[in-house]
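Engineer: Just lifted these from TrEMBL, have a look:
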- B:20-41: transmembrane segment (TRANSMEM)
- B:62-80: transmembrane segment (TRANSMEM)
- B:100-119: transmembrane segment (TRANSMEM)
- B:131-151: transmembrane segment (TRANSMEM)
- B:171-189: transmembrane segment (TRANSMEM)
- B:209-227: transmembrane segment (TRANSMEM)
- B:254-279: transmembrane segment (TRANSMEM)
- B:286-307: transmembrane segment (TRANSMEM)
- B:327-345: transmembrane segment (TRANSMEM)
Amino acid sequence: MSNPWIAIGALAVVAVAIPVTMMAVSSLLRPSVPEQGKRTTYESGEVPTGSSRQIKFNIQYYMVALLFVVFDIETVFIFPWTVIYSDAVAAVGMTKALLPMVVFIGILAVGLGWAWRNGAVQWVRSPRATKGADTYE
Amino acid sequence: MQSAPLPETLANLLELDPNSTVVMIVLSLAGAGLIGTLMMTNTALAGPWAKRKITAAFTDRIAVDRIGPYGLFIIVADAVRLLSKELIVPEGVDRPAWDLAPLIIASTALLGFAVIPMGNGIHLADPEVGLAYVFAVASTTSIGLVMAGYASNNKYSFLGGLRAVAQNLAYEIPLILTGASVVIFAGSLQMSEIVAAQQQSLIGPLPSWYAFVNPFAFVLFMIANLAEVGRNPFDIPEAPTEIVAGYQTEYSSVYFVLIYLGEFIHIFLGGAIIATIFLGGPAGPVLPGIVWFLIKIWGVFLFTQWARSAVPRVRIDQLIEIGWKGMLVLSLANLLLTAVIVGVTV
């Protein structure tokens, strides 16, 4: 059995080579006439104001992104358990194999429930966006 | 079903020494070229031709039919047309990132196919961490999407990039947890083992594919996969009626081709993962394995196109809630339920 990572590395080379070849072929074929008006970014026909990196707005899911880190690490811990699970059941019985994972997922589920109750897992509506809606109600 | 990885098969075929590293590197490159060509062929069929034909059939129109039989030569015409378009570099783009993003999107999707068993010995590599590897590679695409969105200097692109992240964050975990529930059955992350574990008979002629053993997990995985590849009802990162084209708004010429191609390869990669862990990989009666494998990944592709034509898009806040309040809870429940079932039956 040879090292499988040689083959994976080979595919990595091919996977980069294919797009790079396409870019090279395209650069031989395509014209280049960079005019001023052509190069503005598309903003539904309006003249763009400022850079897109200077605008400030609420990235509304930052709480969710924090939660993601927790759950992503959780999956890392779950994977080894899933691999040995059926052997573990045969060796030490179902209770000993399953109960620790139930507790582990239980703690996470409580955490998710807490985040849920505190409104972390929803799209946060900014006060400015909903202010107008409130006055109509 | 168990067969040696492709480079070793080639070494035996050509009567070369499989223990020599140089031989293996050369043969690995040959095998990788074969896999790359195969997937590029599929994508070339799917992108300019099949997608148009399918959408046309859904909306009662006739699509491309002018060039060649069934309009098939449109693939060549489109390739030439798109590659020879001018590459318009917008003002103020963040240059290295803007150039790298299409490359990352296209390459990472292709890289996942290294561990997919395609039948008839077409299986490039079979590392023990196969399934974890393929999930890791598939989710790397998000980085490309963020880079494209940020670097384009376009507000629509920026919004699209941020939405893509929100979506991938929300559906990554249900996807991986549901994949993990399959590992409980198979007891291995190695792709060949997972496929081999699905070969027994479940009831009569029905094989024990995990889609039949655990249909609940299969449905969850299909939904999470739709979100992962960004197709309806979860196509909000692109959402043409809201934010023009999302992260790909400012891309033209070959860069557009690469992003578009990357998305299609990603759909096929999703299909290949589904085929491997839920549909018995290349297994099937009468026809050779590679044909069954292609039928299965095209089946998943058709499903995504059907969803694209038939299911309305969800709003971004609904998407977050479906992901975090619905899919995540269901996938945790599925994981524990699977563990209990396996624990009782072992």
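Using the three backbone atoms N, Cα and C, a Cβ is placed for every residue, glycine included.
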Engineer: Output the single range from B:100-119, B:209-227, B:254-279 maximising the number of Cβ pairs under 8 Å to the transmembrane segment (B:171-189).
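Structural biologist: Stretch with the highest Cβ contact count: B:209-227.
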Engineer: Given a Cβ distance threshold of under 8 angstroms, which distant residues of the chain, six or more beyond its ends, lie next to the transmembrane segment (B:20-41)?
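Structural biologist: Distant Cβ neighbours of the transmembrane segment (B:20-41) are 6-7, 10-11, 14, 110, 113-114, 118, 122, 124, 261, 265, 268.
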Engineer: Among the recorded stretches B:62-80, B:100-119, B:209-227, B:286-307, which has the greatest number of Cβ pairs closer than 8 Å to the transmembrane segment (B:254-279)?
Structural biologist: B:100-119
